[in-house]
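What TrEMBL records for this protein:
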type	residues	note
MOD_RES	K187	N6-(pyridoxal phosphate)lysine
ACT_SITE	K187	active site, proton acceptor
Amino acid sequence: MRKLQMVDLGAQYQKIKKDIDDSIQAVIDSTAFINGPEVKNLQNELESYLNVKHVIPCGNGTDALQIALMALDLKPGDEVITADFTFAATVEVIHLLGLKSVLVDVDYDTFLMDSERLKSAITPNTKAIIPVHLFGQCANMDEINQIAKEHNLYVVEDTAQAIGADFNGEKAGTIGTIGTTSFFPSKNLGCYGDGGAIFTNDDKLAHKMRGIVNHGMYQRYYHDEIGVNSRLDSVQASILRVKLPLLNSYNNARRQAADFYDAAFANHPSILIPTRNAKSTHVFHQYTLRITNGKRDELRTFLEGKGIPAMIYYPVPLRKQKAYDTGNYNDAEFPNTDRLINEVISLPMHTELDKEQLEFIKQSVLEFFSSYSPE
Ligand SMILES: *Cc1c(COP(=O)(O)O)cnc(C)c1O
């Protein structure tokens, strides 16, 4: 059996090696390393894949979030609401810009922002909401957009984990005011270094963000505003151009592995499988179980002993991270996040999992629990 990994980028590369190698070599031969035609071509191809008016490539998914917030002209102290249960980048950029983060609980079944908690977190200072399409499916964008409309708020969709997912037939990241994504190697559409992109249908915001990514320059050496240096390089763009046409088949392969896991664990008394949101397709950036008998950490150790990696995404709620702990939160408002951090475990999930590997993972998980189930 091939060695199990959380993500098997090596096996994926072997299948597309010639195209990848040729595309990298072509960029080197062209010497158009920054802002070359490959970046523009990728931009056009992403615009058509996502059916969105503007794609702005940038350096990484964290910059994409920061640039999106910079474009919204928020003032220090303005509040941005996001989920307590997500990767830290989402909240980090809020603080970097001198804004105030307001964290809300997630739904226990989908791991996604809870719309009721969102509503009650809105104050007169709230200016934006960042729903995170965590683990590969979309937060409830109907409800979130409706709430945003009622309160005149911007919506920035963090689509780093859900590129290619659909919500009511629209692509994740194109439903709110702005969408952002990451091309970090392990993401569903990953390059071989850092990369990211921003999406919007708003012409004005797109123009502004194209300036911000490049030092606030709209005309060479005329700086109209404070920007950043956040560019996608041409080598990464050329790799992404090879992989974008494969994204749907990659997401299907992930879904097939998830279907296998679902069937294996659906009726187990100590395991809850991830709930799929009816309006969203799921592209399974992660396949995350909840272990309800308190033995999650022991399961992880057991699996590691068998050569099966498993990860805890995420072990600490953002509101309890040293960097973001304001002491202003009431734990009673976060029952789901506080439960999830003790129950979640993510199994290997990637495009190259074969039947033998999946079967071994299934048998190993079931073997662990057989020693605990009452006979
Ligand atoms: C990966 C990720 C990011 C950050 O992307 P980078 O390209 O690593 O900067 C932001 N938000 C979420 C939810 C992510 O998973």
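In case you wondered, yes, glycine gets a Cβ from its N, Cα and C as well.
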Please list, in sequence order, the residues in the chain of K187 (N6-(pyridoxal phosphate)lysine) that are at least six apart in sequence and whose C-beta is under 8 Å away from its C-beta.
G61, A160, Q161, I163, T181, H285
Once the DSSP letters are reduced so that anything not helix or strand counts as coil, what is K187 (N6-(pyridoxal phosphate)lysine)?
coil
